[in-house]
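Taking it in order: structure first as structure tokens, then the write-up.
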Amino acid sequence: MSAGGSARKSTGRSSYYYRLLRRPRLQRQRSRSRSRTRPARESPQERPGSRRSLPGSLSEKSPSMEPSAATPFRVTGFLSRRLKGSIKRTKSQPKLDRNHSFRHILPGFRSAAAAAADNERSHLMPRLKESRSHESLLSPSSAVEALDLSMEEEVVIKPVHSSILGQDYCFEVTTSSGSKCFSCRSAAERDKWMENLRRAVHPNKDNSRRVEHILKLWVIEAKDLPAKKKYLCELCLDDVLYARTTGKLKTDNVFWGEHFEFHNLPPLRTVTVHLYRETDKKKKKERNSYLGLVSLPAASVAGRQFVEKWYPVVTPNPKGGKGPGPMIRIKARYQTITILPMEMYKEFAEHITNHYLGLCAALEPILSAKTKEEMASALVHILQSTGKVKDFLTDLMMSEVDRCGDNEHLIFRENTLATKAIEEYLKLVGQKYLQDALGEFIKALYESDENCEVDPSKCSAADLPEHQGNLKMCCELAFCKIINSYCVFPRELKEVFASWRQECSSRGRPDISERLISASLFLRFLCPAIMSPSLFNLLQEYPDDRTARTLTLIAKVTQNLANFAKFGSKEEYMSFMNQFLEHEWTNMQRFLLEISNPETLSNTAGFEGYIDLGRELSSLHSLLWEAVSQLEQSIVSKLGPLPRILRDVHTALSTPGSGQLPGTNDLASTPGSGSSSISAGLQKMVIENDLSGLIDFTRLPSPTPENKDLFFVTRSSGVQPSPARSSSYSEANEPDLQMANGGKSLSMVDLQDARTLDGEAGSPAGPDVLPTDGQAAAAQLVAGWPARATPVNLAGLATVRRAGQTPTTPGTSEGAPGRPQLLAPLSFQNPVYQMAAGLPLSPRGLGDSGSEGHSSLSSHSNSEELAAAAKLGSFSTAAEELARRPGELARRQMSLTEKGGQPTVPRQNSAGPQRRIDQPPPPPPPPPPAPRGRTPPNLLSTLQYPRPSSGTLASASPDWVGPSTRLRQQSSSSKGDSPELKPRAVHKQGPSPVSPNALDRTAAWLLTMNAQLLEDEGLGPDPPHRDRLRSKDELSQAEKDLAVLQDKLRISTKKLEEYETLFKCQEETTQKLVLEYQARLEEGEERLRRQQEDKDIQMKGIISRLMSVEEELKKDHAEMQAAVDSKQKIIDAQEKRIASLDAANARLMSALTQLKERYSMQARNGISPTNPTKLQITENGEFRNSSNC
């Protein structure tokens, strides 16, 4: 009876904790992520007295969590393929019962850790590249669904806290049709997903001024609540639920101590914390669990400093006159950060990247500990994006070593910038490692009931041995998990630690490197994470008192182990662990050597998270602006140009609109805003400067069967159609280019090299923005031409692609696979942009447009019609013809693949010869007189204006960036100055002392073109002469054929060079693989040798033990033999006695027989004996007759 009651109690308690904590074990073994549908939220005002279900019910019971098959779910150009088979999900493991012993799971943990280590050691071949998040949005039927963002007016993308769904690493996409939740496998994967989707919705985020809102909030504790109840809070921002705390039992106070952080928030008005009491399901009368709320105006906690206060709880039914009501202590900070376009931070980022050491030395004495932490965080994030973080940490650490001198014990014991920087870097790149190494161990410890208190003043003497055994067991397990985690140790940290070891050796102090590594990793990362798992995102819940004490003791032992120190008289009650410490020192030394050995750098991917570089630069600027103002003038003068740079950025911040780059205003505000109209700034410029007649729709060569569709639109670089909202993707077998070089930020395309494009209007939109689709703009503008009475500005028209070209996958690129060309902002291969900006032209125009990742889509008929219309001299007629069929035009891909007048090479699939475009056409005949200011549209289409000199259009083509750059999008087809193009360069633009913006450059170029046009109007030949020139062009077909063959030869030569380069790269890759496999083989041999040595040591120990056992057995045998001999003597004496007794017995039997015979004879004779004979036994065993005595 009692056993059954106990079992029911155990089951009830387990389910109680399961319902309370709602932390189902994460399925990290999942081969995919899954999508979920969020139910509609319920605002706190709409809720009745009863609270909604606790976290976890959503993911366990709601039937609407999986996407409906009837709902279309499509991402444009994104996950557009089906996977070949369904991917099964591993089952969720049940939570460990709280009253189960932690000791029971120790063998499982040990075997799992050993198996993981052995498995990792056995992997001599490189791992397969695991599937990225672009393959992880799967429905249960394994069909890929899509979410169409192209037609949405407003899309909200935000992370979902784990307390809402009971699942970590989720995010939500909210559109007009509803919201979808998606689950990822890690925080880094979730951040990359969210950023890619945000860039799909707002492609020009880095090129525009934006504002970001950040909230950090601690729900600490509550007081004046009824005892013996459990309480929890819900956090709502503007009446939208964002997170929940765990339920905590009331003792003195209800202590939660939980931290929440939210980024990319909309502007907030109020922060509301709702207080609930957990209801007991057994008591049906307890229905009203809602206790009240605390409302914080966002303005009251705005600023850089945290605000911590006790806030009264406003209850629904206040009871006056009965003392103070409940109160909650909350600590919060709400920040609004203004972020300028990336171009505005370029000089600032370059200065920080190159002069961080002097800056830190100047600011170290005046900064507070909190400011040092914030500044170190911003510096680490920025330098991680620029690839300089290893040098930064190494330089700071060596300066710290020089400062401390012989006082090695002071290193990492003070709040310096170096200490804070390594802390932030460990948190940045080591979060996943921390989860893999200690996550399961900490969770199991939370769920166990082992008591590890070993202080005699806090526990009884009878329980002390058991508690000491518990603590030793937990420490063994924790250290086992740590030393076996070397196989998943982050590659970046290994590189940093290896650099420290190398620098210490070069300074003649190799002994201090081990202290640096152990102190940084254990003192500043692992041990604090063990003591406070909630602060390191291992768990949300703050531990209870017993668990907190256990974690503190484990951290003490681990830290002493890392310091190679024993417990002394200060903590004498821990001295029983000294034997464990001494035993594990060797393993600790091996672990520290392993994680700092440059020869064992693994093939694993580097940091995969996303860094918002604009936000970090804005934060660092505000910190430096405040700090530099406090410095003395003598110190400020040593900072070089930094004060001026800070002033420039501050001026841009304080001037609304000054940070907006030309041509980027509201490009992504609505899907069609940039497509339906041209830039207001350009319209104003056209009106004021009377330039509308100068924008020319030019037909380059005479129409032939091969080149009759070659047109281009000259358009201002300040105008850019709004890109269609689409989502970026990458193939599963494509290298992860976005995170090359240690995970550069997507917005660092223009900040990683000092020789970036001079005078460009903005930084590139990023590596993941898909090609712009401008058909809608073309259709609307072409349709509007006939209705205009004045000449039409065609700047908003989309550029026209050659016939037979259409977007395709990046894998079809003619250049290096997977390495898209770097595009300047607003260029889209527009020749006008290239000429106006004075930029070196990319050689991408020399080959097929497939080098940009495009194949073809025919716009043949449109181009043919436009050519015919231009030939007839009536451009407006062609416009009217196209206006009648805008749908057909909109369906065709329109883009320009030839860069700015660079020699156009015919397509390889051309059916016949073509005249080269770079050959100057014959001089045109003089046009009829026309007003200077305006040119009619029909005149624009009939006149054959001479093109600018080849020095402007077809200048030499150096690389976009320098050889030392680490840009992810650097083109492999650009190899310096092209020898074929140099002879054609007539002149080059000289360097301008002032770098105008793109709009001014375009205006200047148009004015220049106007002057050339007017000069040619007065000097051109007459129309009959033009006809004769055309007949000469028709007779020069042989020259055209020769030009075509020369172009093909040049293309073949270029391809040959590319193939040679590719072959060299492949050869280098093969050599690297051979060296890597050789290193792995040597590592395997070394590992086998170490294993053999360990086995030899074990065998020697076993043999010595057997010999000692044999000696003990011999001694025992001798003792037993002596005992046997003594027993044998006793047995012999007993045998003799038994023999004598047998003889006496035989005589007795014979005497009895005689007596019997004697009595029987007397009875037959009738004589009765008067005196019966008495027999007596003598001493020697014989019988004696008593009558004879």
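Every residue gets a Cβ built from N, Cα and C, even glycine.
Looking up SER763, SER978, SER992 in Swiss-Prot shows the phosphoserine annotation sitting on SER978. SER995 is the residue among SER702, SER722, SER995, SER1168 that Swiss-Prot describes as phosphoserine. According to Swiss-Prot, the listed position annotated as phosphoserine out of SER68, SER186, SER634, SER747 is SER747. Checking SER6, SER728, SER964 against Swiss-Prot for the annotation phosphoserine singles out SER728. Computed over the coiled coil (1026-1159), the whole-number mean pLDDT of the model equals 90.
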